[in-house]
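Asker: Okay, here's the structure, questions in a sec.
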Amino acid sequence: MDVRQSIHSAHAKTLDTQGLHNEFLVEKVFVADEYTMVYSHIDRIIVGGIMPITKTVSVGGEVGKQLGVSYFLERRELGVINIGGAGTITVDGQCYEIGHRDALYVGKGAKEVVFASIDTATPAKFYYNCAPAHTTYPTKKVTPDEVSPVTLGDNLTSNRRTINKYFVPDVLETCQLSMGLTELAPGNLWNTMPCHTHERRMEVYFYFNMDDDACVFHMMGQPQETRHIVMHNEQAVISPSWSIHSGVGTKAYTFIWGMVGENQVFDDMDHVAVKDLR
């Protein structure tokens, strides 16, 4: 488990490229036949990926010990979106087939969660966010047909995109975790611009569906002290509440967003005009 401490905005603005990477960048999300796990002190979110190929993968009791509990989800809820080939997730003996861009919400208290790929030639890639939970909501599969989509932006401003809301109150109940997938229309490059912060929630972006020769310049920092982190395919970035989170790519791309914090009101954000950015 890679533990990331919270960081004050005054400290963050003094960091060089490597310093920003050390604090915010999750460079390697998928490793064959393993799980990756980054634990952030910011709202106690856990972020990672699971890519089973030749064997099943489960999160063992060693993680429970690191969290001070008996097992991983004793006091946590889990959201998973599959960006790879078809796979299965078995939760306490109940098997769910999770296809490409299907998702699974796993409620607090699930003791055994096992991940597998159906075809080793096209393995599943399970990206997950995990957050503290106060009660148990039912485990539920969500397919792309069941999400709450919203299309925003315009081709003229190169920010036309569809926001697919997977884990939001309109789709299912969770304790605090919200997740979704945003896909840019062909030829569009900007996400979340004009940008915003949200004092009451933190957020993690996971960028994928990018060519090897493409990248995204992820904008972060306070609106008057912006910085950037260069993101490559299948990398994630942590965004504290005080930071903007926006990006521009050399080509169109897709990203998964996950939020935890005070509320689940999607529009609870503090907008920042482009003219006010520095």
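Cβ coordinates are placed from backbone N, Cα and C, and glycine is handled just like the others.
Among the features that Swiss-Prot reports, Zn(2+) binding site is placed at His196, His198, Glu203, His245, with the record citing sequence analysis.
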Asker: Sequence gap of 6 or more, Cβ distance under 8 Å: name the residues on the same chain that satisfy this around His245 (Zn(2+) binding site), in order along the sequence.
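Answerer: Spatial neighbours, sequence-distant, of His245 (Zn(2+) binding site): Thr192, Cys195, Glu203, Tyr205, His218, Met219, Met220, Val237, Ser239.
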Asker: List nothing but the one residue from His196, His198 whose Cβ has the fewest other Cβ atoms within 10 Å; the candidates are the binding-site residues.
Answerer: His196
Asker: Suppose the Zn(2+) site is His196, His198, Glu203, His245. Which further residues of the same chain have a Cβ inside 8 angstroms of that site's Cβ centroid?
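Answerer: What remains near the Cβ centre is Thr192, Cys195, Thr197, Arg201, Ser239, Ser241, Ser243, Ile244, Met259, Met269.
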